[in-house]
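What Swiss-Prot annotates here:
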- 1-13: transit peptide (TRANSIT)
- 129-163: repeat 'PPR 1' (REPEAT)
- 164-199: repeat 'PPR 2' (REPEAT)
- 186-218: region 'Disordered' (REGION)
- 209-239: repeat 'PPR 3' (REPEAT)
- 240-274: repeat 'PPR 4' (REPEAT)
- 275-314: repeat 'PPR 5' (REPEAT)
- 315-351: repeat 'PPR 6' (REPEAT)
- 352-392: repeat 'PPR 7' (REPEAT)
- 396-430: repeat 'PPR 8' (REPEAT)
- 438-472: repeat 'PPR 9' (REPEAT)
- 473-507: repeat 'PPR 10' (REPEAT)
- 556-590: repeat 'PPR 11' (REPEAT)
- 648-669: region 'Disordered' (REGION)
- 653-663: compositional bias 'Low complexity' (COMPBIAS)
Amino acid sequence: MAAPCVRLGSVRCTGTLLRYFCGSARHQAAAASHEEIDIPRRKSWDKTAVLQALAYTVSHDPTAAHYMFQDDPFLVPKTSSEFRLYSLSKESGRNAAKYIIGTHPKLFQNDIAEPHIPCLMPENFQPQIEGVSEEALKERIQLRRIKESIDLFDQLLQGGTAPSLETTNRLLDLICFYGDREPTRDIQTSEQNQQDDQDQQETEDSKKRPGQYRKASEILGSWRENNNAERIFNLMPERNAHSFCTLIQGMVKYGSSNKAFNTYTDLMNNRLTADVQTFNALILAAPDMKEKYNEKWDLIVELLKHMVQQNVRPNLLTFNSVLKSLRKCGTMARGLALQTINEMKALNIEPSLGTYNHLLGVFYKGALSPRGQTEILSEVLDEIEGRSFTLRDPDDVYFFTNAMRVCLDLKDIELAYRLHALQQTADNRGLMGDFYLQSTYYGRFFNLLCMMENIDVILKWYRELIPSLYYPNSRGMLDLLQALDMDNCLDLIPQIWKDIKQIGHSNKVELVEEVLKLMARDVQPAELQAAFADTALDIKSLYEVRDRVRIVLEWSSASLGNISVLLARAGRTEEAWKMLQRFKTNHRVPSTEVVDEFLSRAKMDANTNLAISLVQLAVGFSLPNTGKLAERVMEEFNVSEEQRLTLEDLQKSHSSSSSSSESSDSDRE
């Protein structure tokens, strides 16, 4: 489908734009050379400059919790779920306090601060101006009361008093920003809006395939057909460029790209000029208007040429929008992305971390990307290493997480160290994003460490990152266990198991069975074998029903066998035999290796009765090695004549049961 805007012909590259913008930049540089330099008589410091200077004198404490929590062992989270619960609880309490103060401001008028501190006093969120007037409309717009503002606007029109263009534009700004919905900060939301949203969501969900990724517009909510923003825009007797630009940006934000370009066409037909924010929004929406990659790029270039015609100077977000759209243009986007970066440099626009994040997205599509294309991260780090960044684009917070993903897929630990050093430079750690992005970054970093480094380095980072910066998931702990296995440091497993319990992963079956498997695989020295047995008993308690325990693990043959073997090797024969009895109660069958391990223990203890009991147990489970087991007992143990007869009877009963089962199988055939 052709874009509903004026076409200016096909464009091979953006060289014309580069020459235009470079000329503009040279003109500004020449004008700046004639300006007088004004040296300030004193240095103006930020209000928090002293605190920042003090913060730089203190290094990170790996044992400290996040600053948002109380310095109390009971109130410090130990798991990722507790971190989320505690942080949400604290934020919920803060919001509840704000709601109470905002709802009943008259109850909080006691001002004890000297001098007066306005931010400590409650804000008045209730309308003070009664009646139908433009001043009342302005007040409700200021209070972000969308439904009341729309009702008051309609009443003014019905009374024959049209609000001014400035007031109407402010109302349009409010409606387009929130997508014709009440702001989420309001506790009490319009029931009608909730019902409309629910009905529309059910319609969208019925059309959506299971497992399909959701767009940002789907998370925010879609642009509803003939909503109040469009209605008010059509009722406006006079419209200026601000009116059109606001409507276009709202349509793009809530996923109505086609309507946005139609409105942009109307703007140009009215001989008005769009601002840079509107062009940025249209560039982001351009890939949704076309199917082929080259057509998407042609539409982006066309919008850039419109900016040249209308003398609209691009900013950082303009180029970041171009790069973000190029991520949807396939392999042809790589050369175009480099051209975009060159134009930024020609305009003296400093790239942000979001710029480099989009560049990585263009060049790196996954672990199967050619090596030559993935070296772009090394070149990016060469350029930005050692520099301090500030937040200039909302997408800046995705750089570190996505760059660490590239390092993990490439299995390049040196690149990861360089990236982490950049993250530790100055205040760059403040650009890590929310808790989820931070956890993803550190999780990928720790995963790469477990794959590529020796155990000493891994444990150094383990103590530094966990749990002050990172709460590992079960996958991260499995990686650590595999690293311990690779470096033959299984003696650390009891301590690691305590950490697994502390961070809340003791209910993960895969992780628990991996711990048991590593401990039971080889015979260890007596002291370590005793520690393994204590750990096995601790794990055994997780399978038992107890009060106030919601999740109880289910016994498997592997877990029963490994715990039995660990107890037997530590000389705890009675406890090991009790574990062996659990096979029958839990309808599990022990492996031949478990029975052989018990027989070896019985031989060490010269316990003939235990050996005979093992043969009886093997007969009960119809194990295939029962005959050999009985022969081994008669050869290796001092058995009495009565015991020998018992063993021979067990052999015969096992042979007869085996032959009967074979004959029944042949009859079925």
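Placed from the backbone N, Cα and C atoms, the Cβ positions cover glycine too.
Secondary structure of the repeat 'PPR 4' (240-274) per DSSP, as helix, strand and coil residue counts: 26 helix, 0 strand, 9 coil. Within the chain carrying the repeat 'PPR 9' (438-472), a Cβ under 8 angstroms from the stretch's Cβ atoms is held by residues 60-66, 77-80, 83, 400-401, 404-405, 407-408, 411, 413, 416, 420, 423, 432, 479-480, 482-484, 486-487, 489, 492, 499, 502-503, all 6 or more beyond its ends.
Model confidence over the repeat 'PPR 11' (556-590) is summarised by a mean pLDDT of 92. In terms of DSSP secondary structure, the repeat 'PPR 8' (396-430) contains 30 helix, 0 strand, 5 coil. Residues of the repeat 'PPR 10' (473-507) grouped by DSSP class, helix first, strand second and coil last, total 26 helix, 0 strand, 9 coil. Note on the repeat 'PPR 9' (438-472): DSSP counts are 26 helix, 0 strand, 9 coil.
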